[in-house]
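Worksheet for the structure shown next.
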């Protein structure tokens, strides 16, 4: 407490209710202090009837104690002081454990030791400013002891440990000393930190503010460790974190910062991780995601934070659909019907629903979803979006190009996977209304062909400069150039040309004649389309088996024979 506070001090009269701003300040002050300090404030409130002399006496004691703490903080942080701190921590932890065992039914006997333990945990936050000294936490078994305290009977202690671990694993701090960070993360992983954190999460009551903060800090530890060491995501998920996240997401609680954070951590765990995607499917996670997203089929998110959560859940769903077994679960869970509804409702969720459908139908694994999509009259939904991109795309970050990319990818998947009567229904769409959909396809073709020609000209100029400098264009550089071309519009152009090849091979003369007629009118040729499709075939199937790649290449190139 500083001099200003002392001078402005007024003893608590006990009758007047604190103003809202005073109440808020009191709450903030409570949050920033440990249990011992919080106890002090509670005493001040409870003893409102004490006279001014006693209040002043207590104030002087507080000032003296704060002064002593400041003197202690001024001690320079080095190996010796950290070792001393760890030794004090171990002693207090052991003493508290001993007293709890000796007097299990008499809290008065061990409460003082618990407050002392909490105090030293708070002091250890200073170690987070020196990641080079993290090795001492491991060598002196402090990490092991801290992990043990995550199961402490008093959640105030476990929350204090979580708060400390969150600060120690702060990603910026970890990058300050790679060596110190590696040692700490190794010790945490070896100690099964994820399993212990989940066990602690299970008992926290989020209606209590401090415990809700504990949940938030726990999720921050996971995020920090996942960013520093992505491979730990699999262990964390298997040690119960994935199950807890799903349970927390579907809990009937008002939307808050913790629910948003859960959605974010879930998306992180599923990123490029087939094991976690499979585990989520086994835990009925696809149904949980669909249930949570169903809220947004007719209602827009009410805040920017709720919209961010919605996008995280959509990202998680798209990630899961990379796995064929989850496509089946998505189909059985009526995911197609939900996404189709979202497209029709024209809410903020529409753009993301389109992306989900793209992931659900792509490749041979999407065949069943493609057939079901036609059964639920999805063609009536997708073609209006193909004919005209929404003028106002409300979702932040969604562009007209992304919209057209997903729509064309969906149509390409439908043409690849549909058979029989459903394929006929799809092809008939290209002949109705004087082949207006063929006209739209050709319009998009020239739009993205033009964009590609601009990008290719720029890349050729860069290649020329590289050669002129006497440098060699290696495979890595060629890959980089190809990725840039895909991003500039080649990706969508390949899908457009593939759609052209498919519909021209459908034995519907009207379609083929219209395609050739428009190409001639615009001074273009089949050769350009053939070249784009050949390049598409050469680069298809990355990450798949050689057999699939070879079969798919033959199938695509066969389309060119009758084009």
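Our numbering is plain: 1 for the first residue shown, then up by one each step along the chain.
Here the Cβ of each residue, glycine as well, is placed from N, Cα and C on the backbone.
Per Swiss-Prot, the range carrying the annotation motif 'Nuclear export signal (NES)' out of 119-129, 130-140, 141-151, 152-162 is 130-140. Swiss-Prot assigns the feature motif 'Nuclear localization signal' to one of the listed ranges (16-33, 88-105), namely 16-33. Fewest Cβ neighbours within 10 Å among the modified residues 389, 545: this applies to 545. Residue counts of the motif 'Nuclear export signal (NES)' (130-140) by helix, strand and coil are 9 helix, 0 strand, 2 coil (DSSP-based). Residue 545 (phosphoserine) sits 59 Å from residue 91 (N6-acetyllysine), taking the CA atoms of both as reference points. In the three-state DSSP scheme, residue 91 (N6-acetyllysine) falls into the helix class.
Residue 91 (N6-acetyllysine) is 68 Å away from residue 389 (phosphoserine) when you measure Cα to Cα.
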